[in-house]
Amino acid sequence: MSTRNSGESSLQSDSSSLRSSQSSTSNRSEKPQQLLDRPSSEISRRQTIGASIALTRTETAQTLQELGVRKSAPVPDVVAPTYAAPPVFPEEYTMETPSGVVPLTQLETLGRQATNLSRRTTERPPVLENLEEVETAAEKEEDMSPHFVTFVTNDPENPHNWAPMWRWTYTVLLSTLVICVAYGSACVAGGLGTIQKKYHVGQEVAILSVSLMVIGFALGPLIWSPFSDLYGRRATYFVSMGLYVIFNIPCALSPNISGHMVCRFLCGVFASSGLCMVGASISDMFPAATRGKAIAFFAFAPYCGPVFGPLVNGFVSVCTGRMDYIIWFNMAFAGVMWIIVSAIPETYAPVILARRAKRMRKETGDQRLMTEAEAQGVSFKDMMRACLLRPLYFAATEPVLDLTCGYVCLIYSLLYGFFFAYPVIFDELYGYKDNLIGLMFIPILIGACMALGTTFWCEAMYLRTIAKRKPTPEDRLLGAMVGAPFAAIALWMLGATSYKHLIWVAPASSGLAFGFGMVLIYYSLNNYIIDCYAMYASSALSTKVFLRSAGGAAFPLFTTQMYHNLGLQWASWLLAFIASGMIIIPFAFKRWGPFLRAHLGKGDYSMDAVNRAAEEKMEEKRAHEAGEEMAEEVANDV
């Protein structure tokens, strides 16, 4: 594999053979298999100085510069792995090189500084007395330096090089997985009466079946994000969705409400991989400049999936009156999606390259071939810091992130609140049962589909803007500014039309505006979070997932009582007042976003801030070097 990707291999000899090879080219053309046939005594001598049996042709500082590698390391991509320290070569997973191997020493020649490479020799060499020992020690130090594995030019294993048809097919399938998971959380919302009937409990207890699964969505990423970093997306989907399918069985067959609730919570934990990883899987397949349209499908799915719950299972509830049938339908949907997503090839570049490096080490015997994540030796502590501690730190120290996540949380909470507000509204006004109440959610789906088309226009406007100037995170807010008024309008309209003398079309049509605004707000703010916290995008998104799921779990617990106690009009108008107050958030961020990020938080983690810091550091270094040169000239003159 390494020979096919990189051409002929050359054997790096010890100090004496290296000097003789300078006058002969025969040794440079030897293949790895030829080198393996050398006498064992020679191999033994080579191993004493730390050299490998066969080394792959590698990139040089010059070829790296031609590929665009510069002295300052860029911000890692949003789908980069968890690092123990700032990476020296973050381009490893997005760059293609002719040889597929980049030595650390060549990166250091360009000015990159390795901060924490646990698999690199750090021992101080002993004092050496002759030239031959010095040369041997230098070769040994060179030999022990890691060689980072990258994709080769036009690499078929690079997800960015897959045919567009396959990438978009996988995008649609993965988005369907999100719909499946979100549907599972709200599937019992269309048949709460069946839970009450089977377990002889009140409505408040039955609602917990929805809330507990949504709470599982908040906690599951703590397991599946590190698991994905270690074993890849495909293995994570296979394990997590397999467990989700299995645990639907006790949900349907549990003889008591306690067992049902525990299993619903565990289903949320297992199924959460679909919510926390699909966006990353889609990002794996598209370069940063073109992934916006694909991410729009991901933004659409988690807000439309729950709507199918009462839409489908309202009919199951009315026609059968059995709760277990609702669960069996959910299990069948989940089982089909489990098989489909398990067949999708691995998309996570760090895992693809780590497997390639392992294969190359086995084929060549060169133990220096590795990825930077392997070289750093990321620990469980580092992963917990990224997945748990940093999101909590951001929640406590970043007001901009809190406001943004709070708005996303409100929209998500309102959606789950509607699952329990609609039964009150349409039962009291028109006497509808669960099957007809489920049909009232169709306008939300129609509005969401309209928003999906609008996201393509937002993405085109964004690309047009960044073609004229450097992008800023605030350029991502167009969708939220368009959608924010519609979410508030929907609630005002729902309250104003909740009267018995008005036809059902009036309150149901409010769902058009809500579905339209809901998807646009989430699509826009999700991208805004990524751009604002580019250095720690995964941690910022974890904060969003936790707060969003917490709101989605809480709202169903009091929505029914709120509509009974405040009345159909004022319950909707109370939420409308809150949604109206939130309209200002995207407009305020558009106007004062850079100032707020710089002064309210503990730091500015956006891409433009990182670039400014790198430029300032370069200017300081140039000034320092200029000062040293001037001082040296003055000293020479004296």
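Positions of Cβ are set from backbone N, Cα and C atoms, glycine also.
TrEMBL: automatically predicted annotations, no manual curation.
Database features, via TrEMBL:
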- 1-27: compositional bias 'Low complexity' (COMPBIAS)
- 170-594: domain 'Major facilitator superfamily (MFS) profile' (DOMAIN)
- 1-45: region 'Disordered' (REGION)
- 170-193: transmembrane segment (TRANSMEM)
- 205-224: transmembrane segment (TRANSMEM)
- 236-255: transmembrane segment (TRANSMEM)
- 261-282: transmembrane segment (TRANSMEM)
- 294-313: transmembrane segment (TRANSMEM)
- 325-353: transmembrane segment (TRANSMEM)
- 400-425: transmembrane segment (TRANSMEM)
- 437-457: transmembrane segment (TRANSMEM)
- 477-495: transmembrane segment (TRANSMEM)
- 501-525: transmembrane segment (TRANSMEM)
- 545-564: transmembrane segment (TRANSMEM)
- 570-589: transmembrane segment (TRANSMEM)
Worksheet entry | Touch test for the transmembrane segment (400-425) and the transmembrane segment (477-495), at least 3 Cβ pairs under 8 Å | yes
Among 294-313, 437-457, 501-525, 545-564, the most Cβ pairs under 8 Å with the transmembrane segment (477-495) come from 501-525
Per the Cβ under 8 Å criterion, with at least 6 residues separating them from its ends, the transmembrane segment (545-564) contacts 189, 203-204, 207-208, 210-212, 214-215, 217-218, 221, 275-276, 391, 395, 402, 405-406, 408-410, 412-417, 419-421, 423-425, 571, 574
Per the Cβ filter (under 8 Å) with a sequence gap of at least 6 from its ends, the transmembrane segment (294-313) is approached by 167-168, 171-172, 174-176, 178-191, 275, 278-279, 282-283, 285-286, 326, 329, 411-412, 415-416, 419, 422, 434, 437-439, 441-442, 444-445, 448-449, 451-452, 455-456, 459, 515, 518-519, 522-523, 526-527
*asked:* Suppose I define contact as three or more CB-CB distances under 8 A, residues 6 or more apart in sequence; do the transmembrane segment (170-193) and the transmembrane segment (501-525) meet it?
replied: no
| query | Does the transmembrane segment (261-282) make contact with the transmembrane segment (437-457) through 3 or more Cβ pairs under 8 Å, each pair 6 or more apart in sequence? | reply | no
Under 8 Å Cβ-Cβ from the transmembrane segment (205-224), and at least six residues away from its ends along the same chain, one finds 184-186, 188-189, 192-193, 195-196, 199, 236, 240, 257, 260-261, 264-273, 275-277, 387-388, 416, 419-420, 542, 545-546, 549-550, 552-554, 556-557, 560
Taking the transmembrane segment (236-255) as reference, the highest number of CB pairs under 8 angstroms among 325-353, 437-457, 570-589 goes to 325-353
Lying 6 or more residues past either end of the transmembrane segment (325-353) yet within Cβ distance under 8 Å of it, the residues of that chain are 79-81, 92-94, 149-151, 157-159, 170, 173-174, 176-177, 180-181, 183-184, 187-188, 190-191, 194, 228-234, 237-238, 241-242, 244-245, 248-249, 251-252, 271, 280-281, 284-285, 312-313, 316-317, 371, 373
